[in-house]
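Right, one structure below, let's go through it.
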């Protein structure tokens, strides 16, 4: 154990120093010192006949990130085991040259944004967990970088158009040079970027999600023409982010080709449905994880993320997600599930989640949710249920759940605290849990209602369906490290051979320069081919290894109650006399006609280490964050559960 901890710390230190050096190189890149003094010397020593003008940037900008990604895989495995845009001079006025120089440097800064753009959307990243992030929590950085890069590229494009107009060189706008960067490719890339950018603003994304979703698929063409425009040397600067993202994207594609086994759908009176899937017992994930779901009968292209509410230890053969009807896609799904279906074809990607259960370290947990924001807390409470029962001497924090709902019927979401597929529901009685539920749109308890029934649908098994399993199996981090390192080494070898024995001889014969665009296409093709070969080999080998285990997994129908823990608001039910439901009722206080007083709730918390987890509307999260950051909130450790994809 001590050896693994020491090795983990050493890897983290190497990662930190490498990252600082990489950032420093990016800071120095736009300076005259780098361009006029360092770059010529580095090119002289590093640009060999095998890599030509790509040599320097491959070593300085690509290699460090690939090294960090591989080290990250080893670190996470050990943790799991223990828990050329170069200007051509023109004879113009000094002011016009200055204008051109500024426009060029704006483009350089935009390239820096692109170097980071794809890291937050790499869902199976080995880099994000090293700095305590997950893809779903860092998606905002992708949004910020996307807006900033598009703004900078727009200024870069407009600046050069104005410069060409001032110097009577508008013909350059239509130039596709064979020995220099292609201006036409830049214009095409900016066209696709503008379409993606405009439809990604929140006002459009929220109201017309499908427009945003489908136009975002132009990113493939955007990447191709962008890389052609910046040239082969700059491709190496931004290569790591795209390379790692494409590995992740291709592995997700392979995983999504398998149809998964949907066992049951539990309908709650509040319009929420819990989908229960069969999973491999080896599939391990942490609370607050997210899983992406595709239903081909609704849309073959749309994938939607939903919070995983199950616990892999409490429910070893089942993984569950909760879906609340709201948008077009979810409404269609509810309509499908409400019809007389005996089978529904579903594909999934994930689950994706945090690398550790950090919330267990706190003495006291205050969980604040609004509406369906309660779903990530369900997985946390289930985790504490199993920890409390299996680790006698392990500290379990006391939990206070503050949940705000619009109507009384939404209280039936508390039923999700008890898994439908587990025989250990009585464990809830051992959890130090207090629930404060606030009903904001009703001032008093409603009268008896006959709609308080839970409807659980069990689907027939299909031999073509498979249990959900990790794309790379139990040792996923080690295998991911093998894919990253092998595919990148393969890429370097093939690129070196292609450059040395195909491109270099052409350029050595007289004054011939190999087509600038073709060099970029070679880079893209070789990277694509190496990733596909390496990932496919590991994935298929792993799938063959687990095939026999998946066939042995079976699921049994569990008796699901018709009543809900929320049913006491309608006059009670004899079925709630069982210990799990009785414990849940006794732990719950209901407040009608108002919202929770967050100031009073937070400042009344006693203790030196209180973990405050918030999931719900943006306004609620901001209010809680403001209180926790005040002078009186030293003991409040704020964590926000944000799932804005």
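We count from 1, first residue shown onward.
Keep in mind that glycine also has a Cβ here, set from the backbone N, Cα and C atoms.
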Which is it, of 12-29, 30-47, that TrEMBL names as transmembrane segment? 12-29
With TrEMBL as the source, identify the stretch among 219-247, 248-276 annotated transmembrane segment. 219-247
Give the range, chosen from 421-448, 449-476, 477-504, 561-588, that TrEMBL lists as transmembrane segment. 477-504
Residues in the domain 'FAD-binding FR-type' (255-358) per DSSP class, helix first, strand next, coil last, are 14 helix, 39 strand, 51 coil
Paired segments the transmembrane segment (58-78) and the transmembrane segment (477-504) in contact, 3+ CB pairs under 8 A: yes
Note: vs the transmembrane segment (141-166), the recorded stretch with the largest number of Cβ pairs under 8 Å from 12-29, 99-121, 178-199, 219-247, 477-504 is 99-121
Note the mean pLDDT of the domain 'FAD-binding FR-type' (255-358), expressed as a whole number. 84
Report, as numbers and ranges, every residue of the chain located at least six residues beyond the transmembrane segment (99-121) whose Cβ falls under 8 Å of a Cβ in that stretch; write 'none' if there are none. 26, 29-30, 61, 85, 87, 90, 92, 127-128, 133, 135, 138-142, 145-146, 148-149, 152-153, 155-156, 159-160, 162-163, 166, 226, 230, 234, 237-238, 240-242, 244-245
Beyond a gap of at least 6 residues from its ends, the CB atoms lying under 8 Å from the transmembrane segment (477-504) belong to 49-52, 54, 58, 66, 69-70, 72-74, 76-77, 80, 124, 126, 243-244, 247, 251, 514, 519, 522-523, 526-527, 529-531, 533-535, 538, 542
